[in-house]
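Annotated features in Swiss-Prot:
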type	residues	note
INTRAMEM	77-114	intramembrane segment
INTRAMEM	195-206	intramembrane segment
REGION	257-295	region 'Disordered'
TOPO_DOM	1-22	topological domain 'Cytoplasmic'
TOPO_DOM	42-55	topological domain 'Extracellular'
TOPO_DOM	115-120	topological domain 'Cytoplasmic'
TOPO_DOM	167-174	topological domain 'Cytoplasmic'
TOPO_DOM	207-223	topological domain 'Extracellular'
TOPO_DOM	245-295	topological domain 'Cytoplasmic'
TRANSMEM	23-41	transmembrane segment
TRANSMEM	56-74	transmembrane segment
TRANSMEM	121-142	transmembrane segment
TRANSMEM	146-166	transmembrane segment
TRANSMEM	175-191	transmembrane segment
TRANSMEM	224-244	transmembrane segment
Amino acid sequence: MAGLNVSLSFFFATFTLCEAARRASKALLPVGAYEVFAREAMRTLVELGPWAGDFGPDLLLTLLFLLFLAHGVTLDGASANPTVSLQEFLMAEESLPGTLLKLAAQGLGMQAACTLTRLCWAWELSDLHLLQSLMAQSCSSALRTSVPHGALVEAACAFCFHLTLLHLRHSPPAYSGPAVALLVTVTAYTAGPFTSAFFNPALAASVTFACSGHTLLEYVQVYWLGPLTGMVLAVLLHQGRLPHLFQRNLFYGQKNKYRAPRGKPAPASGDTQTPAKGSSVREPGRSGVEGPHSS
């Protein structure tokens, strides 16, 4: 029970400190620096840092749901996920310099989270932390299936995640936050036994890239190329194109929003109209009074 209390305390302390740092950055930094850099670094830290608490499987899914739910409410749209930043670039919602700054901020947040994790384990606040500190140099891989299957699983998880984000991007946080949190929790429960269901290159690089069992190239194929492929497919399915790269819709035909009214075309000035059947036409030069020989 003491270990559980330590883990929960560490979880909420990390989240509270990151939220305080985010608010201070928003107040002190220029708007561009905060939106592009600081909030991404803080979200990456708050997403990766709390897992140093080493939760058991009985609490992991519940805390994962609460973490993503809190993210949706407090972190101003920051993603802490490189594939989400690349999605915004492909959707023409972010410029290339802004995207590169977000990726750099996420890398910085990842390094800060790793440092925080090692520091927490070194304190040996619980028996689990002591065990993690001893096993840090010989951790086991999160990839527990073949490389092609793992890449397919990560791509499928990322596809569902990004397609949901695209459908809910204009929805109020009160609806999108719980929906995304529930999706991430269900995905982690379903795909967790195979790849741990990261579908986040920064999170995967922080947690499992240093572990033995697979080469760096195999990890890159599963945890970087897999989510990137799933994200691109989600954008293509949702938009029919990659807006930043292609203007032409590759999948869906575009219908004209404004349709011309269906009316009879106006006759040209030189056109002669055909008289209607049964109507009389007067010849030029004849008066309206009929002659004596008319019957």
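Glycine too: its Cβ is placed from the backbone N, Cα and C atoms.
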Within-chain partners of the transmembrane segment (175-191) [C-beta distance under 8 Å, separation at least 6 from its ends]: 60-61, 64-69, 71-73, 153-154, 156-157, 160-161, 164-165, 168-169, 197, 199
Segment confidence, the topological domain 'Cytoplasmic' (245-295), expressed as mean pLDDT: 55
Beyond the flanks of the topological domain 'Cytoplasmic' (167-174) by at least 6 residues, Cβ under 8 Å: 72-73, 180, 238
